[in-house]
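K.L.:
Copying in the features that TrEMBL gives for the protein in this structure:
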- D37: active site (ACT_SITE)
- N85: active site, proton acceptor (ACT_SITE)
- D37, E224: Mg(2+) binding site (BINDING)
- 38-42, R50, H54, 82-84, W86, R88, R205, 211-213: substrate binding site (BINDING)
Amino acid sequence: MFKNFLNKQVNIAQPIEARKEQVKRESVPSHIAIIMDGNGRWAKKRALPRIAGHREGMKNVKKITRCASDIGVEVLTVYAFSTENWKRPKEEVDFLMRLPVDFLDTFLPELIERNVRVEMIGEPDVLPKHTQGALFEAMERTKHNTGLILNFALNYGSRDEMVRAMKAVMQKVQQGDLCIQDVDEVCLSQHMMTSHLPEPDLLIRTSGEVRLSNFMLWQLAYTEFWFTDILWPDFEEDAFLDAVQGYQKRNRRYGGLKGEETN
Ligand code: IPE
Ligand code: IPE
Ligand code: MG
């Protein structure tokens, strides 16, 4: 923003690098989770098949991963395929299952160079072998990296995760390895697929839908939400930085009071 000769405020789009520097001056969310929605509608608007939207969406994951890594985000969790997405037509599911292969074929060297660690949440066993292979290879080859964790939620469903956690806890109780008195929130968190990660600070959902669609219901208890109408393939760096700056203006209270409110 500057004043022109008529003394009017003029909005000049800031270059993206300057925006990143500005964002880094305040507290950057450690963990950002994204429900990447709207690929199908992006394609439909252009009279293209839905899969064209998914391909474009995949390209955007690269852009947002770079941006998240540049501003110092620790964990970026991206919802890529839900336990409910198996209901879609077989051709679409097949295409979605090939995307991690294409993504990693073309992007793994850069991820390694950027010190990014690839991880996943969700149940991998029922994924096609080529999908598993690409993911496991990326996880293996990046396991010692110490930069951004790029965490794919793939065949992930929050209720499925909670059922699995409950079963694991109950089994330990049954075997006498755990007392019922010791089953508390920390214990349940330790049995979630995210046990080693901080809880998300910021959740972003694109495409105008205002729901969670079975995503991280346990972990999002105190997360800040950012909903935008922008469709995922169009959600580029500027929109991402808008979300982070929106987060930086929020006042997180966790049920208590903050600062002057305590007087
Ligand atoms: C999100 O885009 C990607 C996945 C769910 C895999 P959609 O495919 O849900 O796109 P819309 O919601 O139909 O536009
Ligand atoms: C949520 O989007 C799942 C992913 C983004 C992977 P959906 O498009 O499947 O969600 P609904 O059906 O609109 O709730
Ligand atoms: Mg959708």
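Just so it is clear, glycine is given a Cβ too, placed from its N, Cα and C backbone atoms.
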K.L.:
Given G38, T83, L212, E224 as the binding-site residues, which ones have a Cβ positioned under 6 Å from some atom of ligand 1?
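P.N.:
Cβ under 6 Å from ligand 1: G38.
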K.L.:
Measuring Cα to Cα, how far is L212 (substrate binding site) from the residue listed as 'active site, proton acceptor' in Å?
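P.N.:
Computed Cα spacing between L212 (substrate binding site) and the residue listed as 'active site, proton acceptor' is 14 Å.
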K.L.:
Which recorded positions among D37, R205, L212 have CB under 6 Å of ligand 3?
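P.N.:
Checked recorded positions vs ligand 3; flagged D37.
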K.L.:
Can you tell me how many other Cβ atoms are located within 10 Å of the Cβ belonging to W86 (substrate binding site)?
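P.N.:
Total other Cβ atoms inside 10 Å, all chains included: 12.
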K.L.:
Output, ordered by sequence, the same-chain residues six or more apart from R205 (substrate binding site) with a CB under 8 Å from its CB, or 'none'.
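P.N.:
Counting only residues 6 or more apart in sequence, the Cβ neighbours of R205 (substrate binding site) under 8 Å are I34, I35, D37, R211, L212, F225, W226, F227, T228.
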K.L.:
Filter the recorded positions D37, W42, E224 down to those with CB closer than 6 A to an atom of ligand 2; keep them in sequence order.
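P.N.:
D37, in sequence order.
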K.L.:
Sequence gap of 6 or more, Cβ distance under 8 Å: name the residues on the same chain that satisfy this around W42 (substrate binding site), in order along the sequence.
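P.N.:
For W42 (substrate binding site), the qualifying residues are G53, E56, G57, L231, W232, P233, D234.
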K.L.:
Cα distance, N85 (active site, proton acceptor) to G40 (substrate binding site), nearest Å?
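P.N.:
Pair distance, Cα basis, whole Å: 13 Å.
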K.L.:
Under a criterion of Cβ-Cβ distance under 8 Å and sequence separation of at least 6, what residues of the same chain contact G38 (substrate binding site)?
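P.N.:
Within the chain, G38 (substrate binding site) has Cβ neighbours under 8 Å at G53, T206, S207, G208, I230, L231, W232, P233.
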